[in-house]
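Q: Right, I'll just put the structure down here and ask away after.
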Amino acid sequence: MRPLLLCLCLLPPVCLSATTPSSRIDQLAQSDEWLTLLHYQETTYSDADQSQADDAAFFLSPEGATNPKAELRATLEAIQQPGGGNDHARCRFPARDQWLRRQLNLPARPIDCPDYDTWRSELNTEAVTLVFAASYLNSPSSMFGHTFLRLDPDDTDEAADLLLADTISYAADAEAHDSELMFAYRGIFGGYPGITSVKPYYEKIRLYSDIENRDLWEYRLNLTDQEIDRMLAHAWELTGKNFDYYFFDENCAYRLLALIDVARPGTDLLDRVGTHAIPSDTVRWVVDENLVASVNYRPSSATEVRHAIDSLSETEQDHVLEMVEGDVMPAAPRVRELPARRRAEVLDTTYEYVQFRAREDEWRRERRATLSHALLSERSRIDAEAPRPTAPRPEVRDDQGHDTFRVGLGGGREGNRGFAQLSVRPAYHDLLDPPAGYRPGAQLQFLRLDARFYTGNQELQLEQLTAIEIRSLSVRDRFFSPLSWQVGVGGRRTDTRNGRRVLTPYLEGGVGGSWGQPGELQAFAMATADLEIDDDIARGHNLAPGADLGLLHQGRTVSLMAGLKTKAWLINSQHREDRAYTEVRWHLDRGLSLQARWEREDHFDRMETTWRTGLQLYF
Amino acid sequence: MKKVISAALLLGASSMAFAQPGCGVGAMIWKGQSGIAPHVLAATTNGTFGNQTFGMTTGTLGCQTNESVQSMAMYMNTNIDKVARDMSRGEGENLETLAVLLDVAPADRDAFRTLMKDNFATVFPSADTTADQAVSAIVALMEQHQTLNQYVG
């Protein structure tokens, strides 16, 4: 067959597509490479018989979205048309063109693609870096992280060049005026177009590092020149095309995995996506596939300013606050009497802190501008170079933390009833999970299911289903004063007056403060509100204000939390529900913890003690 | 290779289309804040709340013909608070980026950094300095400099 094909290549091109044996076309149309290029991918929610692209412009054949063979035939014909220019199929789909030419040994006829050629020469890409925007403490929902690709130019010995490097990202093209609730809804159930876009890295830094306070991890990939060429050719095909965006699976990270799959055939990162593609998980896969050459850490503005403040002495910290409050001018004698190097560091830190506060507290422009200008003017007069403290790289990267799917097995006793308990949690992290690689004080759980089997009467019961639970315990001090908050929704067992434990839907929330050393020991106090709705409760629903007080230690080997919760149920004969608890977890390994929990509850004037132990495995 | 912020990239950088990059960059250095959405959902918004990318106002810089200066002006407009910070220190990646955009050779970088630091008050005379005023001042300073004048010719 091969010699025949070679001969045919000499014939006029249009004739060729007609004469490529259909068996060969069948074979190519079902090959992994072709299906990857067209984004046919089997997922938990859909079969592989349809492309994930939701854009007719992504295909040359009208049937392209459902028929890879028709698309291959159409492509084969189109790329053999004479001529060139931006609208030529070869210019619109350079990756498909290159791949088909190689497979069919078509002649490498040069073609003029003004837009694509300009784009490629401007990108001037020597290496590709996967950038992971980590979560920020007071934003547990940012725990999922975000990823995008950075295209590094060829002379990257200078950091400055990297600021100007282009990035490729895939994001929901949401209407700016959509509310967050709408955003969440449409993000989960579909409805937002997802668009691939190219932006300079400095804009990304501005967004993630300065505005959202998220550290960036930069994973330089070990792609060859040829692989980079394929990736960029395919990125060009994707740019501006619509792929509907879904938070959980077809999200920012997902599309990037597809790009890497195209770049290095056989990688098949997309096959690893199950029900959800959490960006931090996708980074793990990329690391597992030995795609990473080196890793760099770029702390966020918030991380930097925190570290800079911690590097100052108590008196110097006083100076910072005095200047921020306007009690002392940057040029005041009190500041000027500091040694030059110390003064430089104090002014630098104050400037960074002012920028942070101005963003967080929405300062008026006059206040920010006047103080900022005074600080910098004063700083520019100091010749001494300040040894600028840079936040150290965390020992454990986010992708080196525990895996996010957790299964718990154990047993215990509630009052005088023994039970075995199985707990399954698809995502993501709770306060007592191994803390390395996660933000201290932050918790985000999805779809956690606890089931109990009571050994006495051989009864299987759903104990709790946590649809979503978020906790954010951010410590307060004189520089930072974040609120701590928590919110949860799901179904749980609750006592009724006649002593039954019924499963009832609940909604709970709380807000308060936290103090101490994150990780080491922090205390928290929250005002809470609970709502339960169920036929088995008298009047069908109940409402309770309450309080949640506790202590938390998150250690590398042992994590511990203890506290008191009290709720005053309001409706239908008021009653109190008080609870004291202690839970300890011993982290034996990144993937294994032992758990012990004790709880004493006073509800409807009945006291009951529950304890349980078990182990927790992370996958 | 010479670094410029290309027109195509600028289009990507803002929802506004610029026919001529460099024309009118009037951003104030330290802007007031119009507010940041709570950090809830930050991860999943992927830029939805990232609309803080500077409002372009029409300034008075005019359309510099020098491509390097245009790129520099563009960069200043987005990053002026960081550039100002680096200038006051005489070092930093944003100051380096300016030098790269202006095509300042590595051998002349020290002179560039020193010139910027020593003349901070000239480039940013007041708290109300705008990006285009700062750009004009930088260009003027370089024009008067015996080695750096080659980069703004």
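The backbone N, Cα and C atoms fix where each Cβ goes, and this holds for glycine too.
Since this is a predicted model, take the numbers as computed values, not measurements.
Residues or ranges marked as signal peptide in TrEMBL: A:1-18. Positions annotated as domain 'DUF7843' by TrEMBL: A:27-103. Residues or ranges marked as domain 'Lnb N-terminal periplasmic' in TrEMBL: A:116-287. Feature annotation from TrEMBL assigns region 'Disordered' to A:379-410. Per TrEMBL, the feature compositional bias 'Basic and acidic residues' maps to A:394-405. Look at TrEMBL and you will find A:396-618 tagged as domain 'DUF7840'.
Each of the listed features needs to be described in terms of its position in the shown structure.
A: Here the domain 'DUF7843' (A:27-103) has a mean pLDDT of 87 out of 100.
Sequence-distant contacts of the region 'Disordered' (A:379-410) (same chain, at least 6 residues past either end, Cβ-Cβ under 8 Å): 132, 134-135, 145, 217, 278, 280-281, 283-284, 287, 295, 297, 299, 303-304, 306-308, 311, 340-341, 343-345, 347-348, 351, 420-429, 433-434, 436-438, 450, 590-591, 595, 612-619.
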Q: When DSSP states are grouped into helix, strand and coil, how many residues of the region 'Disordered' (A:379-410) land in each?
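A: Helix, strand, coil within the region 'Disordered' (A:379-410): 5 helix, 5 strand, 22 coil.
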Q: In the domain 'DUF7843' (A:27-103), how many residues does DSSP assign to helix, to strand and to coil?
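A: Helix (H, G, I), strand (E, B), coil: 37 helix, 2 strand, 38 coil.
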